[in-house]
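**Student:** Below are the structure tokens for one structure; questions will follow.
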Amino acid sequence: MICLMGIEVFVIAIYLISMLAIGFIVQRRGSVESAKGYLIANRNVGPVLIGGTLFATFWGGGTLLGGAGAAYQSHLLGTIADPWASGITLLLMAFFFVTILRKMKIASLGEMYYLRYGKRGAAVASILSLPTLIFWTAVQILAIGKILNVMVGLPAFESSLIAGAIVIIYTYLGGMLAVIWTDNIQMVLILIGLAILIPTGIVYVGGMDVIATHTPEDFWSFLPSDASPSGVDWSITGFLVWFAAWCGMGFGSLASLDISQRVFCARDDKSAKQGLALGAGLYWVAGIGPIFLGLLGIVMVQTGLMDPSVLASDPELIIPFLAKELLNPWLMALFVGSLMAAIMSTASSAIFASAAVISTDFVHGAVSDKSREQGDVLRFTRRLVVAIGLLCILISFIAPGLYDLMIFGFTLLFACLFWTLVCGLFWKKANTPGAVASMLSGFLTVLVGGAILSIQSGEITLVPADNEWMIFFTFVPVIMGGIAMFVVSLLTQKSHPPIPLRDSDGNILKWPELEEPQIERKDEGPRENYISAERADS
């Protein structure tokens, strides 16, 4: 453990003050005086900023520290879920979802669930989307604690509190626009950090020839292999584990609120699609960085440059350890700043998305009967940013490993909301009972599996303990949810006729033949959307 050095502290302080300044500047410019400005940045963000904020949001502690640790333990196969499957999510969103979602003129996915499934459907969907975001944020705060503890000697508890507080403050001040601008600055810092550490590591181990000589067989293979240290081979179990790695994040992230928020912030459909494609490309290219650093760790162990016992208890510390060993104080200070950038950008996005869900859906929008003024929406959302941020800091103190917890969070989203989102937009017969049954079936299946796993392991846990449990948590809940969606929807077509897909102004976008103007439904009906109301008044 190295001592707390002035250079590192100075650079970190400058970085944190800069993030606060951005939030303050955005607020002073008047860009967040309304709910529309605070929640979706006035729908005026271009493709470059969209791509940058998506990359920086995805690129968090789970990808950077967890991905390097996974590569060190399980090679490229261990990183399929993130970044590779996550990048596919962005392309799927661009090709299949952007156009219809933007036609709905909404500010959050919760509004889509309301317009298609009514208050009950929106309430269940919004509740079940929150655990993933909270888990994800806790992962980032835990990562900050690990980094500062290893690299500058600051106790994990204090470092998590400081970084979490900074994220809360600049998100509170500037809203979505502050998140987007800080994300793009942090993206540049992330790339600078990788550009510093990777070449230094190559020189330290003796060059690319040494790395090539000591690279394990099939290290760079995406396919199952008998030589894989993760046990992912061509057996039925091995293939299902491999397929689960692609599906859990690749499809689970489609319902992620932070992705859809970027879609709604774009100035037009073209900007949204280009931004998603740019974000995916950046994520894949930069995603090679942590994997290569994991390989450097393997080479250092094989050549005697590093004692394997250093990472025996926690392979996710490999990047902080390499930086501490390879960089001089000034370069290490810059690298610490880049790591902080990667993690805090993700944390701010997740905190903001959680606050937006509660504010837009439960208090002022889809699930609430009350119509509130723009100022009320803005003030309450800001208070939620603070409350949720503090909750995530608390959860981070009891969170397990970074990568597994991150993957499980998005697998949970896949289990609960995949069918609700896809069928709501593309299946005419989807209705409220089917959506609610699908979400609850997926969630309850996860809980039952978690209870059995906890009994077997002797401790409360939801993180898969082995490959068989990974298969269970990825596929069984989503299969149960799909069966529930189709069966219940078809059985309740007469008692709960499906309704057309509308935009937030009430205009029908799809399936006008489902319109029944004489019937006033209990769980569906017109509402005053505060974003729409603002647009109508302008």
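Yeah, the Cβs are placed from backbone N, Cα and C, and that goes for glycine too.
Unlike curated records, TrEMBL annotations are generated automatically.
Per TrEMBL, compositional bias 'Basic and acidic residues' is recorded for 518-527. Annotated region 'Disordered' per TrEMBL: 515-538, in sequence order. According to TrEMBL, the transmembrane segment annotation covers 6-26, 47-72, 84-101, 160-181, 188-214, 234-255, 276-301, 330-359, 380-399, 405-427, 434-457, 469-492 (among others).
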**Student:** Out of 84-101, 188-214, 276-301, 434-457, which stretch touches the transmembrane segment (330-359) the most, going by CB pairs under 8 Å?
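**Tutor:** Per the Cβ count, the answer is 188-214.
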**Student:** With the transmembrane segment (188-214) as the reference, which stretch in 47-72, 234-255, 405-427, 469-492 has the largest tally of C-beta pairs below 8 Å?
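**Tutor:** Looking only at 47-72, 234-255, 405-427, 469-492, the most contacts with the transmembrane segment (188-214) come from 47-72.
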**Student:** Top stretch among 47-72, 234-255, 405-427, 434-457 for CB pairs under 8 A with the transmembrane segment (84-101)?
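**Tutor:** Selected stretch: 234-255, with the most Cβ pairs under 8 Å.
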**Student:** Near the transmembrane segment (434-457), which same-chain residues lie under 8 Å Cβ to Cβ, leaving out any that are not at least 6 residues past its ends?
**Tutor:** 113, 116-117, 120-121, 124-125, 128, 412, 415-417, 419-420, 423-424, 464-465, 469, 472-473, 476-478, 480-490, 492
